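Student: Taken from TrEMBL, the feature transmembrane segment applies to B:6-27, B:34-53, B:59-84, B:96-114, B:140-160, B:188-212, B:224-250, B:262-279.
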Amino acid sequence: MTAIFDVRNLKKTFGGLVVTNDVSLSMAPGDRVALIGPNGAGKTTFVNLVTGNILPNAGSVMLCGEDVTRLGPTQRVRRGLVRSFQVTRLFPEMTPEEHVALAILQREGRSGRMFASHRAMPDVMQEGHALLSRLGIAHLARHRVSEIAYGQQRLLELALALALKPKVLLLDEPAAGVPQSDTARIEQAIADLPSDLAVLMIEHDMDLVFRFAKRVVVLAAGEIIFDGSPDAVTKDARVRQAYLGSYADARSVA
Amino acid sequence: MQTVFSIGVDAFAYGMVLFVISIGLSVTMGLMRVVNLAHGAFAMIGGYIASYAARDLGLAYAVAVMLAIAGTILIAIPVERLLYRRIYGQSELTQVLMTIGITFCIIGIANYVFGPTLKTIPAPDALRQPISLGFRTVSAHRLFVIACGTAVALGLWYFIERTAFGVKMRAAVDNAAMAAALGVRTEVVYAVSFAVAVGLAAFGGVVGAELLPIEPYYALRYMVTFLVVVSVGGAGSIPGALAACLLLGAIDTTGRYLMPEFGEFFFYLAVIAIVWLFPRGLAGRAE
Amino acid sequence: MKKLAIAALAAALLGGVAHADIIKVGVVGPFSGPFALQGKNFKAGIDAYMALNGNSVGGDTIEIIYRDVPTADPAQSKALSQELVVKEGVQYLAGFYFTPDAMAATPLLEQANVPMVVMNAATSAIVTKSPYVVRTSFTTWQTSTPIAKVAFDGGTKKVISVVSDYGPGVDAEAAFKTGFEAAGGEIVEAIRIPLQTNDFSPIMQRIKDSGAEGVFAFLPSGPTTLGFVKAFNENGLKEGGIKFFAPGDLTQESDLPALGEAALGLTTTFHYAVSHDSAENKKFVEAAAKAIGNPAELSFPAVGAYDGMHVIYKMIDATGGEQDAAKAVDAVKGLAWESPRGPVTIDAESRHITQNIYLREVARADDGTYYNKEIQTFENQGDPGLAVVK
Amino acid sequence: MLSGSDTLSVTGDRRARLTRDAIGVLVILALGIAGYFLFPNNLALLTRITAIALLVLSLDLVTGYCGVATLGHAALFGAGAYGAAIAAAHFGIADPIAMLAVGIIAGSIAGLVSGVVVLRAHGLPQLVLSIAIIHLAHEAANKASGWTGGSDGLAGIMPDAVFGLWQFDLWGRTAYVFGIVLLIVVFVLLRQIVRSPFGMLCRGIRQDPVRIRAMGGSVHGTLVRMYIISGAVAGAGGALNAISTQVVGLDSLSFTLSAEAMVMLVLGGTGSLYGALIGTLAFLWFEDVVSAANPFHWLTIVGALLIAVVLFAPKGLYGSLASYFEHRGRKNP
């Protein structure tokens, strides 16, 4: 299968510090890849490089065969590269209905319309409602986001990403901060993601990683030290060293 | 060449005056995160007290300055407790509304108590002499203000960066909850910081009165100038404020010398250019 | 008998209507904000006049209604004037410290049948905007022209002009330039500085570098004037023998305590000094000082207001209290009287005040206060600025 | 409250919305008519309030809906006022509708320019950019006295009768009706805009611009567009001011007016068109009453009012009222 998302030899330095070194990662439609790595491994920088918030010193990012390395974040989103945030970034004064409507309209290039509210657009309302129903938060459609529980906000975060109909989806710790009781729903939602979508999930929770991923990529000190099956990852010596080493370091610091 | 030196001296002196008057605002806006439009009002109160002490009571200049600082802080304490405390951490717009309200009230009261005329603060004879620099003369008062500015800059820098209180203050601003958990009494920190800011305002109002004379409308007349220099410098940064004052002072002075007709254009175009290049101010930190 | 009684009653009633009216005068001025002092002077002048001349004319009681326009704001001035006319029913509009404020209200006059008595605004053109405008103050041209002659005759041939960049400043510059060049002098440079100027040192340097023997200046009163005069001294221009010329706005009495020693010896020309030596003025100063509270705050807008009230009283007298703007204005054309500032006449054609302009010098009185000492009189000066307007 | 309404009826929604808007328009209209008959002698003031209300509405669009802090919004208003006035005084365009159109265009252009500049920074530096703009605009108008009349103001604006039928009169009746109609039209258009996808996008930007970018939305472009719309509204206000007072002064391009507009907006409550209207009405009415009662010391009383509002109605008059009723509504459903 051809790669829909292809990162080649990405390199980023801050001052003299190399934070991303020669990272390559390729994904095909339908891939379920988990990106893991100890703290400070450069995951955040990698996400920012991929989404276009910062520009690399070398290397390229290809999306559907197009070189998007020099494009800004919004351009990449419009080409189908969508991310979710590790800490929910929603509009506290707006309702879930408005969130998804905005995303749908944005996707269709209709967000600049100045007359007629989204509620007068049956197609948008139906699609939005279907999406909220799929994630089980339709009953909250008209509550302010500031009034709904965090677990449900995480679901909405997911809904927002889906409303953009991405080709490649970056999930940044989708279950972070969610109470135990709600994680099942989020996991279910992730399991139900469209099968042709390429999903890259950054996650700490190894249980979730094993249930979700068909492939695991390990980032340590800015380099990819492992790229293979979930079964193999725990047996890999470098991975063990990276993790245990860093744990040992962490303990000595504390 | 002589003209260049001459402009340089004027620019430096003007920049330092701006610095002495505005730096208190940098403390409230940068360290306490309060858009304090009433800064000029406190400077004005200081000026009135000094004028009353020196001119009507005939006290010595130094005594008048001390009285002005102490008196202004004294007046500011209830204002802080009753009003400012309500707007810490509120939105900028709310702070603008409250502090403009306070400014209006102070203007009205000053107008009622002191009348609408200009008030001067008689300086000692030593400060009233023109002093010759060889190629030109400057008033001794300007040199005095330059010295005051330098002293304030160093003192404040030491206070914020080097003393235990400065550490607490920065901690309280960065994360009030965390600071409180560590045993910092944030309301005390805020009250002291506010007193420092008001004291600086009063001091600036008094020593800057030669250039910005005291009258009831003082509080609004120079509000924009204070706001601009502090923001251009990057609120909360002393070196930033100093740099902004000297830079804007230089641009203003040069512009007024070379093309006085377009003085205002120079100043504000420079402001736009600086903010365009440094959208967070000269010494702005990432937010 | 009964008929007679009714007639008497009717006469009494009618008479009552005709002779016990309240005539309202609307006064627009800056009563708060940066120019509150000038508005305060308006009120002092009006109060003084009413204290000395009673508050009624021919049985009609005069009532003053004040409206505040803190800074030049023509839209607000027009709205308030309109409100004074249609809501309060004023028969006379008066006051107007700023030219744009007066200009904005002139279109109302004819339709409203209301005369306007300008008590300060000093741009020549105002009186041409409506036949119902009468001015009892001065124009910048009127007060700035004589100083040009004084300067030239005093031996200063090269002058630099420095004015604030706004209407009155531009007027002053033009008036001085016209007068000075006509006399044979040379304006080496004419600088207009922004209204918001805090530091005048660069300007002083510029004056020094220009090689002029004297400086002509016009700036708004208050902090700007203070800053300019102080800088003039501190930068050694006074010591350096550079002469200082200005119309009297710069050394108005309310600024003198603050200017203090720095102002000593400054020469200005103006239509009024609080120190003017006449019985009429003594009476006025006494009453106005009482009205304003602090005598040190008294300055020229008070006399404009005082004489403005005189004109309004004459108008009321002439119309018998009826609202008739044309008749009222006609009645004061050519009116001459002894004002606190000296003999004055309302010019029949321009409806602007013809008056003496005095050359004065700031001097120190025995009690240590400063005052404008009149040293020369230019008699019966009209407004040279009107020729330029036309 | 709409909680638990799983079924979304599009037509029902629309009807509810239209009803709410109709009520809003009717309230303005009723107030307008009441003003006309109850205060027939204050129409000049009421027209001025209407013109300033347009400025405050316009400010609300960028500050309340987009979160842009500006103390230079009078630049847009002044552009409209001078645009209309110059068209009338120098080019003989005296038809009020045409003057209005010129004002709207001039305001939009000013909106574009100041939008591009102001949006360069955030927070305090942004405030300072806006202050710089208003001072530059003020100075420029002062310098170009040949066109603007400089500090003397631009007089000699003689608008024709509206549609050739209604002359502008001394009592300001025509100007008032003209203003109220303009306000209602603008209000209806703005209601549409703030509820449209575009308005939603703007509100999103105010709450979290990063999220908008992550949705592929253009923050800068959207804000500039809103600034242009805001300029059109402020320009209409400026033109109304020029038409009704027939004189334009430098005050219409002043920092003072900008700051006052901000005070009125915050007083009423940001982020709501009603808040902007209520803030303007409350502030100017209060100012008029107090300054007529005591022309010498009214500023103190206005100051006290502002302090009281922050202490007792921190969300502004309308905002606090709305949340009070929302609160009550929730307590007693």
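Any Cβ shown, glycine's included, is placed from N, Cα and C.
Note: TrEMBL annotation is automatic and uncurated.
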Student: Is the transmembrane segment (B:34-53) in contact with the transmembrane segment (B:96-114), using at least 3 Cβ pairs under 8 Å (sequence separation of 6 or more) as the test?
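Tutor: With 3 or more qualifying Cβ pairs, these stretches touch.
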Student: Could you give the residue numbers and ranges of same-chain residues that sit at least 6 residues beyond the transmembrane segment (B:224-250) on either side and whose C-beta is under 8 angstroms from one of its C-beta atoms?
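Tutor: Residues 8, 11-19, 21-23, 25-27, 29-31, 37, 39-40, 149, 153, 156-157, 160, 267, 270-271, 274-275, 278, 280-285 contact the transmembrane segment (B:224-250) from elsewhere in the chain.
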Student: What else in the chain is close to the transmembrane segment (B:188-212), if you only count residues 6 or more beyond its ends and a Cβ gap under 8 Å?
Tutor: 14, 17, 20-25, 27-28, 31-32, 36, 39-40, 42-47, 49-51, 64-65, 68-69, 71-73, 76-77, 80-81, 84-85, 88, 120-121, 123, 139, 141-142, 144-145, 148, 152, 156, 159, 165, 168-169, 172, 179, 218, 221-222
Student: Could you pull out which residues elsewhere in the chain have a CB under 8 Å from any CB of the transmembrane segment (B:59-84), counting only those six or more residues past its ends?
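Tutor: Answer is 34, 42, 45-47, 49-51, 53, 98, 102, 121-124, 127, 190-191, 194-195, 198-199, 201-203, 205-207.
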Student: Is the number of Cβ-Cβ pairs under 8 Å between the transmembrane segment (B:34-53) and the transmembrane segment (B:140-160) three or more, considering only pairs separated by 6 or more positions?
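Tutor: No; fewer than 3 Cβ pairs under 8 Å.
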Student: For the transmembrane segment (B:6-27), give me same-chain residues lying six or more residues beyond its boundaries with a C-beta closer than 8 angstroms to one of its C-beta atoms, as numbers and ranges.
Tutor: 36, 39, 42-43, 133, 135-136, 138, 142-143, 145-146, 148-150, 152-153, 156, 193, 196-201, 203-205, 207-208, 211-212, 222, 225-227, 229-230, 233, 235-238, 240-242, 245-250, 252-254, 257
